[in-house]
């Protein structure tokens, strides 16, 4: 079913909102960013299947879309960002059998690990983290609607989507239905067409299940995202993000389900980030237009062939954060334009660390001259508030031009690699100003040279915070204070997950969290005003 596009007649952005352009995977072009209901923006990112600890590849999408939300908010939009958690899946069931513990317990543990790692990388803009198991009524209703409209069919307790009923199937990925023929697991022989995919899977002995009109079972992977995005963002929303490897079959199937169910496009802008590749040396950072064009043309197979994954031994993210710091990893991920492949090895990560140190040295130098901390500077939090008149001041004239160049880079499909290169231009300009005016500790705070320096540096604070960088002094790797802060954060995440489990009467999971923490030397204290924790002696 191909529906009329409700996005065809939308209001132009107000004069306060800039001319941002976004690369849309569906159209294969950069398009003006015109939200459906400006200034409100709905954004959905496919999150993890929480069956094992996170690795660095899982952080690529969240860091990118956290930055995109920051920039859209800075540009005057009101963004609602959703990241789903897949907590029922074949991999989770397999891990449950392997470890001999409930699937829900594994999901709680690994969700806490994922969220703790996001926090360390400064990903704090997520508004909703829906879990599939909390949305079974919505998922079942969604499947029922597809069946009643003739887009799905049930056979022996399994429900499949009929891809032949959607003439638009394959437009997102340029794939044919024949490419989908492996989907369906052990029930694949029941399908009417090789390309049909599972919406509901009948229960097998020893596996978790939910009651449904088709009997006991559990949802397929693709339907979870369609149901949860619809529940929170509505029938059609602005941005759907995810890794390039999810374009097919996952996003293609999501799009088919939602479009057919609602008779309207699911998403206006499909955005796909490049994947992370390990073990190669190569250039990272702001790329030329030619390099970016080549990255756009790279196929899914080319990027996925070297993709970092658990199966290839990736892991140890908590240890990596401990040794490198979350800010260094975030900086490393943002140095590359988001649609490009990120080359990950010791050399490229070390290069990012060296680059970051140049900023830290400047912040120390600034503090020595002015007596002020860079991290305490007052800076504009909205684009419309950050403009200024250089009034003939040489330094401010340069910084004003640099700010415009930074904004142009971000307006051009959120090119963080180019934006970071512009910040390096600013750094060189500021250091030249200090050297030319021989500024040092004890300089007169009211001198024109120092006043210009403070104003110019506040602009750098404004722009870097848009990228989620330099909001607070750098953490030292392995420091006791950082460890204590991380421990408190993780325990409170588990306390909240335990509370939610008990509220839905999943007492086994709640007790498992308490007991596992006790094994690790953490005692939970339940009181009328809430739950706190302490180390066991």
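Every residue, even glycine, has its Cβ placed from backbone N, Cα and C.
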**Request:** Would you please say which range out of 37-47, 48-58, 59-69 has the annotation motif ''HIGH' region' in Swiss-Prot?
**Result:** 48-58
**Complete:** Matching 147-170, 171-194, 195-218, 219-242 to Swiss-Prot annotations, region 'Disordered' lands on 171-194
**Request:** Ten-angstrom check, please: count other Cβ atoms within 10 Å of the Cβ of residue 225 (Zn(2+) binding site), all chains counted.
**Result:** 29
**Item:** Neighbourhood of residue 46 (Zn(2+) binding site), C-beta criterion under 8 angstroms, separation at least six
**Value:** 61, 83, 84, 225, 241, 242, 243, 246, 250, 251
**Message:** Restricting to the chain of residue 254 (Zn(2+) binding site) and a gap of 6 or more, list residues whose Cβ falls under 8 Å of its Cβ, or answer none.
**Reply:** 222, 225, 226, 229, 240, 266
**Request:** Show, in sequence order, which residues other than 46, 225, 250, 254 on the same chain lie with their Cβ within 8 Å of the centre of the Cβ atoms of the Zn(2+) site.
**Result:** 221, 222, 224, 226, 240, 242, 246, 251, 253
**Complete:** Over the motif ''HIGH' region' (48-58) the mean pLDDT stands at 94
**Request:** Tally every other Cβ atom lying within 10 Å of the Cβ atom of residue 250 (Zn(2+) binding site).
**Result:** 18
